[in-house]
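To start, the structure under review is shown below, and the notes come after it.
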Amino acid sequence: MGSRATSDNGSPGSFILSQFIAPQPFESHPDNLTRSQLRRHIRQLRRSLSVEQQQRASEYLALNLLNHPDLHRARHIAIYLPNDGEIDPHLYMSMARRKGITFYLPVLHPIHEGHLVFSPYHDGIKLTANRFGIPEPSFSDGLKRPPWALDAVLFPLVGFDEHGGRLGMGGGFYDRTFAFSRLRPRLAPKLIGLAHDFQKVKELPVEPWDVPLHGVVTDQRCYRFRGSSSP
Ligand SMILES: Nc1nc2c(c(=O)[nH]1)N(C=O)[C@@H](CNc1ccc(C(=O)N[C@@H](CCC(=O)O)C(=O)O)cc1)CN2
Ligand SMILES: Nc1ncnc2c1ncn2[C@@H]1O[C@H](COP(=O)(O)OP(=O)(O)OP(=O)(O)O)[C@@H](O)[C@H]1O
């Protein structure tokens with residue numbers, strides 16, 4: 001199963017898996033949708049996954065992340081709590097914690113509108129729903145880690161394409177918070193999107209504010225984009 005950590009076109013095994021996991025093959029995403037129509041369409045497909053499909057996707061995702069070269073040396077990783085059918089990174093987190101990795105959750109900045117801060121995520125931490133209903137640590141709890149001091153950030157994606165184009169929930173939170181990475185790419189954390197493989201679309205227009213991802217990891221593959229400096 002380690003062979004899923006590949007950027008080629010996949011093996012017969014991954015074809016069978018994609019038939020099992022995806023509610024529809026990605027080719028069926030309608031053409032010519034606006035960004036917000038596409039967002040609605042993929043979010044609806046994502047929410048329609050069964051508990052078993054989500055669980056299976058989470059297991060394959062964990063294997064692909066554990067084998068990912070960009071994460072081998074990472075010790076401080078930002079992650080997210082799955083919402084709205086997002087692929088679930090909990091299994092990866094529990095396995096990686098045994099290797100001494102510290103995880104951080106995004107918290108909406110109460111004053112710096114549209115920006116995120118990152119708080120440590122460990123057992124027993126108190127979480128409260130933010131204005132989108134997503135649980136997050138309190139802004140005043142725990143020692144925050146500045147975005148530039150993270151080794152890697154695992155972005156929740158709504159959509160992505162094979163060229164590094166990214167569609168998020170539409171708030172621009174990740175784009176604003178990691179805008180610095182376009183000016184100082186060598187200092188930036190590894191920026192890696194997570195998604196179900198069927199969230200891949202043919203092509204997304206790149207907006208001027210879009211922060212380029214180093215790669216995307218799905219339940220089926222690891223996609224790595226131009227500009228990723230790791231071997
Ligand atoms: N799991 C997870 N956590 C995350 C994000 C995410 O995408 N996923 N975020 C990534 O940025 C931030 C929260 N951003 C979000 C932006 C919009 C919506 C959302 O549901 N928008 C509604 C309308 C919301 C409203 O105004 O009431 C919608 O589009 O239907 C949710 C989260 C931080 N935490
Ligand atoms: N660096 C920035 N500074 C100011 N506004 C920004 C910046 N980045 C994005 N925005 C604004 O955020 C809005 C949402 O952007 P977009 O549709 O690309 O969000 P998204 O990438 O889907 O969301 P997210 O980044 O939260 O995952 C846009 O209208 C854009 O003007």
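Note that Cβ sites are derived from N, Cα and C of the backbone, with glycine treated the same way.
The shown structure was predicted, so the numbers you read here are calculated from the model rather than taken from an experiment.
TrEMBL has this to say about the protein:
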BINDING   Arg35, Ser36, Gln37, Leu38, Arg39, Arg166, Leu167, Gly168, Met169, Gly170, Gly171, Gly172, Phe173, Tyr174  ATP binding site
BINDING   Leu81, Glu86  substrate binding site
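Site extent for ATP: among the recorded binding residues Arg35, Ser36, Gln37, Leu38, Arg39, Arg166, Leu167, Gly168, Met169, Gly170, Gly171, Gly172, Phe173, Tyr174, the largest C-alpha separation is 20 Å.
Highlighted here are the binding-site residues (Arg35, Gln37, Met169, Gly171, Phe173) whose C-beta falls below 6 Å from ligand 1: Met169, Gly171, Phe173, in sequence order. Cβ neighbour count for Glu86 (substrate binding site): 22 (other Cβ atoms within 10 Å of its Cβ, all protein chains included). Here the Cβ of Gln37 (ATP binding site) has 11 other Cβ atoms within 10 Å, regardless of which shown protein chain they belong to. Neighbour density around each Cβ, counted as other Cβ atoms within 10 Å, peaks among the binding-site residues Leu81, Leu167, Met169 at Leu167. There are 12 other CB atoms within 10 A of the CB of Gly171 (ATP binding site), with all protein chains counted. Residues distinguished by a CB atom under 6 angstroms from ligand 2 are absent from the binding-site residues Gln37, Arg39, Leu81, Glu86. Around the Cβ of Arg35 (ATP binding site), 14 further Cβ atoms fall within 10 Å across all displayed protein chains. Between the C-alpha atoms of Phe173 (ATP binding site) and Leu81 (substrate binding site), the distance comes to 15 Å. The DSSP secondary structure for Glu86 (substrate binding site) is coil. Long-range Cβ proximity for Arg39 (ATP binding site), meaning a same-chain Cβ under 8 A and a gap of 6 or more residues, is found for Val158, Gly159, Leu167, Met169, Gly170. Residue environment of Phe173 (ATP binding site) contains 17 other Cβ atoms, counted within 10 Å of its Cβ in all protein chains.
In the three-state DSSP scheme, Gly171 (ATP binding site) falls into the coil class. Between Glu86 (substrate binding site) and Gly171 (ATP binding site), the C-alpha separation comes to 16 Å.
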